[in-house]
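Residues or ranges marked as compositional bias 'Low complexity' in Swiss-Prot: 413-425. Summarising the annotation, Swiss-Prot assigns N-linked glycosylation site to N29, N109, N173, N194, N275, N302, N320, N331, N367, N375, N414, N420 (among others) and lists sequence analysis as the type of evidence. What Swiss-Prot records for 405-425 is region 'Disordered'. The signal peptide feature in Swiss-Prot is assigned to 1-21; the stated evidence is sequence analysis. What Swiss-Prot records for 22-549 is topological domain 'Extracellular'. Sequence annotations record features per position, and here Swiss-Prot assigns topological domain 'Cytoplasmic' to 571-601 based on sequence analysis. Swiss-Prot lists 550-570 with the feature transmembrane segment.
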Amino acid sequence: MKPVYCFSILALLQIFTVVVSESNWPTLNFTLEIASRAQRDISKLLPISQITTVGISLSSIFRNSGYTVDALSPLYDLLNGGNEAIMIDLYWNEFTSQWQLCPAPFPSNTTYNMNDVVDLSWENNDYQCQPGLSTENIMGIINSYIRDTNTNIGANFLRILFNLKSIHYENSNRTIDLQNIYKPSILNPVNIGNDTLNDTIASLGSYIFTPTVLSQYQSDASHVEKASSGSSINSTQAISYFYNQSNIIVPSLDTVLLSEYKRVSAHISSNELVNSSRVYQFTSYDTDLIFFNDVVPLVVENTTTGVAGRYCNELFNAYNSTGVDIETFNNLSLTTRLRFIVDSDENPFTVDTLSKFVRCGYSAIFNGTYDVGVNSSSLDFSDEVDEFIPYGFWSWSPGQPVDLNDTNSDSINNASMSSNNTDDSNGNSLAFKCVVLTETGWSVANCYDRHVIACQNSTSRNNWVLQETNKRNYFEIDKGDCPEGYTFSIPRSSTEMLSLQATVKQRNVPYPIWLDLNDITVPNCFVSGGPYAQCPYQRTITTNKFVRMIAPSFAVGVVVLVLILIENIFRTNPIQTNRKRYWKKAIQEYYNKNDFEGVPS
């Protein structure tokens with residue numbers, strides 16, 4: 001290849017590389033994906049115990065479709081659709097001394113194909129179970145999801161909740177008969193399930209955030225706190241120091257995902273094992289891998305009791321004429337406890353109750369069947385759950401964030417921020433790139449509108465100040481607009497959100513209210529830190545900067561292409577030309593010496 005062609009290709013490759021490297025950002029086509037990522041990024045600095053989410057109980061799937069491998073087919077899509085918790089009923093079979101998913105024992109006097117679906121009966125209930133179904137099928141799907149989303153942009157934190165139950169039988173006259181039916185023998189061993197509890201999740205490997213990892217973090221954190229006491233701190237450190245006052249210190253979501261590279265934790269949400277001589281004996285391997293209540297407390301409420309509803313009402317009204325009950329909110333923030341709410345067929349979630357529970361700090365678990373018939377597929381249940389996901393954010397209003405900018409937004413990206421902007425028909429500036437608090441949650445608003453701003457206490461995260469006389473557009477807000485000790489901020493947890501909304505109601509301040517969140521620099525990348533805050537996933541590139549960046553390469557490429565064109569038009573080959581002259585002269589001389597007339601004989 002000629003050097004001139006090489007230079008041309010290299011120049012074009014340079015231009016292409018610049019474009020690709022600056023647009024290496026996955027296409028965010030769905031509002032839910034953007035909302036989920038924004039909420040995750042805002043909460044990254046908080047302990048994982050403060051993370052509120054939604055999830056599913058696999059029992060609701062199995063009840064509709066049977067305890068089969070095929071019933072798990074929608075699990076990947078449910079995880080991909082925003083569900084970040086999985087509740088699993090796990091049964092200790094006292095006949096086989098193994099953990100299994102099916103609520104009934106398999107008779108040992110029958111030989112099974114592992115792919116068959118068997119009709120079983122136990123404790124006056126009928127089940128359809130597949131012998132080949134085990135927790136390994138569930139963990140395989142979770143592993144696939146984790147690998148597919150294991151990037152800074154896509155990573156999230158999952159929780160597996162185990163409800164431990166027993167397939168138990170009492171010693172009676174029927175005991176021998178039951179043992180003859182269900183207890184495996186040498187001639188017909190029944191090997192369905194796992195021998196130990198830790199085996200049920202062991203295949204997740206290094207992705208698991210374990211009690212051992214937590215213990216090491218707590219040890220390291222205590223040394224860092226002692227070394228840093230008395231030194232000046234920035235806003236990020238202020239958040240850490242506030243939450244490090246918790247009764248049990250746990251790492252932030254950012255630390256777990258991006259430093260420890262952990263994606264999932266396993267917890268015992270309930271222990272209903274029958275105390276008998278055949279009960280499962282927990283080992284140190286179990287407690288090293290799975291969180292029990294004495295390490296990280298966990299509480300599960302049910303919608304049928306009404307306890308969670310009353311608790312939420314108390315939090316929604318934690319204020320009076322003298323002020324907001326900040327102590328209540330701070331205690332909630334500094335008490336390490338995972339809180340879950342599980343619905344039922346008698347009291348299923350509605351969009352209103354789901355939003356209510358998530359807003360007051362409960363992670364919601366879908367356990368009802370939602371009128372999906374027994375003969376329906378698990379995919380039908382998945383569709384029902386998907387309808388609720390937009391209401392499962394403690395932060396965003398349903399359907400938000402919505403992109404209201406149909407025009408080029410380079411003027412907003414420009415450093416001047418004030419010239420050449422988009423106007424409406426009345427000449428008012430428009431830039432729907434900033435976030436406000438409304439009665440239903442966060443919403444995208446015009447950055448040039450004037451609203452009250454949310455000022456948060458730097459050392460007491462649930463203490464907010466709203467000055468109704470101090471209204472600004474988003475670009476005008478600076479440090480001096482908040483009282484001393486307060487900064488323009490945004491709620492980073494459901495509890496901080498509750499305390500802010502309580503302040504709004506107590507002060508009777510009208511919505512909307514500015515929050516420190518925008519996607520000005522990069523569309524669909526919501527960041528805090530003011531209008532110049534940078535997206536962590538992409539360097540900001542405006543049209544002017546992009547033109548200046550590629551102009552030299554483009555100019556070189558054009559010049560090279562022109563030279564190639566000129567060469568092809570005016571090219572002569574001296575070697576080829578001389579060769580033609582030589583042979584023409586040689587042939588002519590030969591004819592002159594041998595000038596024959598007619599045909600030689």
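Glycine residues also receive a Cβ, built from the backbone N, Cα and C atoms like all the rest.
Per Cα geometry, N194 is the residue among the glycosylation sites N109, N194, N302, N320, N367 nearest to N275 (N-linked glycosylation site). In terms of C-alpha distance, the listed glycosylation sites N109, N194, N302, N331, N367 place N331 closest to N320 (N-linked glycosylation site). For the recorded site, N275 (N-linked glycosylation site), the DSSP three-state label reads coil. If you measure from the Cα atom of N109 (N-linked glycosylation site) to that of N302 (N-linked glycosylation site), you get 40 Å. N194 (N-linked glycosylation site) sits 29 Å from N302 (N-linked glycosylation site), taking the Cα positions as reference.
Comparing local CB density within 10 A for the glycosylation sites N109, N275, N302, N320, N367, the maximum falls on N367. Between the candidate glycosylation sites, N194, N331, the densest Cβ environment within 10 Å is the one around N194.
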